[in-house]
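Okay, handing you the structure first.
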Amino acid sequence: MAPSKKGIMERLNAGEVVIGDGGFVFALEKRGYVKAGPWTPEAAAEYPEAVRQLHREFLRAGSNVMQTFTFYASDDKLENRGNKLTFTGAQINEAACDLARQVANEGDALVAGGVCQTPSYLSCKSETEVKAIFKKQLDVFVKKNVDFLIAEYFEHVEEAVWAVEVLKATGKPVAACMCIGPQGDMHGVSPAECAVRLVKAGAQIVGINCHFDPMTCVEAVRMMKEGVEKAGLKAHYMVQPLAYHTPDCNCQGFIDLPEFPFGLEPRILTRWDMHKYAREAYNVGIRFIGGCCGFEPYHIRAVAEELAAERGIKPAASEKHGMWGAGLEMHTKPWVRARARRDYWENLKPASGRPQCPSLATPDGWGVTKGHADLMQQREATSKDQLKQLFDRSKSH
């Protein structure tokens, strides 16, 4: 019988660096298994091999955590705005747990069951109603005995606290991530205050995921850490940002950018950008470092390679990757062989090849958040009249 793996708290308490995985929703949408718009994870039940393969690629790239592909797998989201599925929420959540566990068992990885913000909260449903939605997902995670739990992608700290309160009842370790930047949540609650509330609610790991680029997210987690320490509390810290440059975002993050979601490719970080991100996160004191939307396995490999000395191991995928371009020594063309050095790639400023495109965009910034009529959710499909109103409003901005 194989020896039991160290749990997430055992690893973090020992000062180990834990590498997360990447962005399943965006990666699988590009591969043809997730629909942009609803962004729901029925692929776990519908196309399990696609999900399993992506888990394996992240494991090979160095990930220590296989996060269940359960983003937006709450019943209220699965049935939102005309989204019709042939699988129940329970079926999707169970399939996702099984896939994550199967691949985690192929390496030194843990399984994290994840919940995220709900349409019900945005529609001003009660605390009891919202918590009941989290509880339905949690029942599956307990049944499948995931190693720890993550409440992620929360724009409002109130809802994140509710999620933590539900998850902590299991006795399993709980991580909680807001999808906010240094400006705070959608009601102006600072990252520091968000972190304090989450720790007091029972989260042992707090941090940021999605919506902003790596350096912005690292800065927000630094603010969280400062707030927690000032309050005399203790926690571990995590960060799982976008793989897109977002210097022009407002407090809502990349979903306000006009390129979201189908024109973001020019903003992708290079693998060398990921080295800088990993080092900055480590220097700030973050020890759970991963990625969210836009992160592909090669990005995670770069994170793992940058921190290989601290971790005492390189990822398996490094066998096919020369550090800092070393493999280019074997290239046919001499000018490409001349790029087989760290200073070349560290100092490169990549061109976009798009001479008519601006370097920055103007975010939409409609100022819509919880309680606004436009965010009230519905089971029926968005009507043509509703769309016309949105098209007309978009033209006026």
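Every residue, even glycine, has its Cβ placed from backbone N, Cα and C.
These numbers come from a predicted model, not from an experiment.
Residues or ranges marked as Zn(2+) binding site in TrEMBL: Cys210, Cys292, Cys293. Per TrEMBL, the feature domain 'Hcy-binding' maps to 6-307.
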Including all protein chains shown, what's the count of other C-beta atoms within 10 A of the C-beta of Cys210 (Zn(2+) binding site)?
27
Given the binding-site residues Cys292, Cys293, which one's Cβ is surrounded by the fewest other Cβ atoms within 10 Å?
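Among the binding-site residues Cys292, Cys293, the sparsest Cβ neighbourhood within 10 Å belongs to Cys293.
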